[in-house]
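Only one structure is covered here, and it is reproduced in the block below.
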Amino acid sequence: MAGKKVLIVYAHQEPKSFNGSLKNVAVDELSRQGCTVTVSDLYAMNLEPRATDKDITGTLSNPEVFNYGVETHEAYKQRSLASDITDEQKKVREADLVIFQFPLYWFSVPAILKGWMDRVLCQGFAFDIPGFYDSGLLQGKLALLSVTTGGTAEMYTKTGVNGDSRYFLWPLQHGTLHFCGFKVLAPQISFAPEIASEEERKGMVAAWSQRLQTIWKEEPIPCTAHWHFGQ
């Protein structure tokens, strides 16, 4: 939709990967719609994933006992966070939709993306106390997880060996994105692209592109325990 701003947070080492193809088609389709699309390519940026005292450029409030959450909250208020954090916060602040494109690692995100979440979504910027879940500071924004898996779709069902795919999404969709106030759109899961045929992979990319054509008409999921775990 013309005038909308989209941030794609992309976490894959290889530009020619299937994840890279999904990222590229999202850039192409959303740009075609007139959206302004920004990509944070975390590996290309060599993003620091570790949450350390180097994230604070000013004086620590308690240099004797370091508490990352307390210090980054204070640094956010004092505008003394490291520039790589504030650069990403600016991108999030300006975005109407944030898409996270990544391969599933151990039922979660790659370490570099976890580091992005740990460092960028700090108290004062993404949430506060009070000021979380429906009152989170990023309310009014949309978020979407576009995930690739190693296992097949059958493995990620209630009777499959890995359980329903919604189970592993709970900490990310509810505990991170919803906690920060995002309205969460249904995930885009591309199952087992490495063992899929070329025709099947093309179908996954085409399905993602087609979905993006009407993404602005979608309603967010009810980000509740019942949605993730209900029968």
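Note: Cβ is positioned from N, Cα and C throughout, glycine not excepted.
Other C-beta atoms found within 10 angstroms of the C-beta of Gly151 (FAD binding site) number 15, with every protein chain shown included. Here Swiss-Prot flags His12, 18-21, 104-107, 148-151, Tyr156, Glu194, Arg201 as FAD binding site.
Swiss-Prot lists Phe127, Asp128, Ile129 with the feature substrate binding site. In the three-state DSSP assignment, the secondary structure recorded for Asp128 (substrate binding site) is coil. Annotation for Asp128 (substrate binding site): same-chain Cβ neighbours under 8 Å, separated by at least 6 residues, are Leu137.
Taken from Swiss-Prot, the feature Zn(2+) binding site covers His174, His178, Cys223. A helical conformation is recorded for His178 (Zn(2+) binding site) in the three-state DSSP classification. There are 24 other CB atoms within 10 A of the CB of His178 (Zn(2+) binding site), with all protein chains counted.
In three-state terms derived from DSSP, Ser80 (phosphoserine) belongs to neither a helical nor a strand segment and is classed as coil. According to Swiss-Prot, the phosphoserine annotation covers Ser80 (among others), on the basis of a large-scale study or a structure entry.
The local packing around Ser197 (phosphoserine), expressed as other Cβ atoms within 10 Å of its Cβ over all shown chains, amounts to 8. Here Swiss-Prot flags Ser197 (among others) as phosphoserine.
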Where Phe107 (FAD binding site) sits in the secondary structure, as DSSP reduces it to three classes: coil
Using Cα positions only, nearest of the recorded positions to Phe107 (FAD binding site) (Ile129, His174, His178, Ser197): His174
Cα proximity to His174 (Zn(2+) binding site), best match among binding-site residues Asn19, Ile129, Thr149, Gly151, Glu194: Ile129
Residue, out of the binding-site residues Tyr105, Phe127, whose Cβ gathers the largest set of other Cβ atoms within 10 Å: Phe127
Which of His12, His174, the listed binding-site residues, has fewest other Cβ atoms within 10 Å: His174
Closest of Ser80, Ser197, Cys223 to Ser21 (FAD binding site), Cα positions, recorded positions only: Ser197
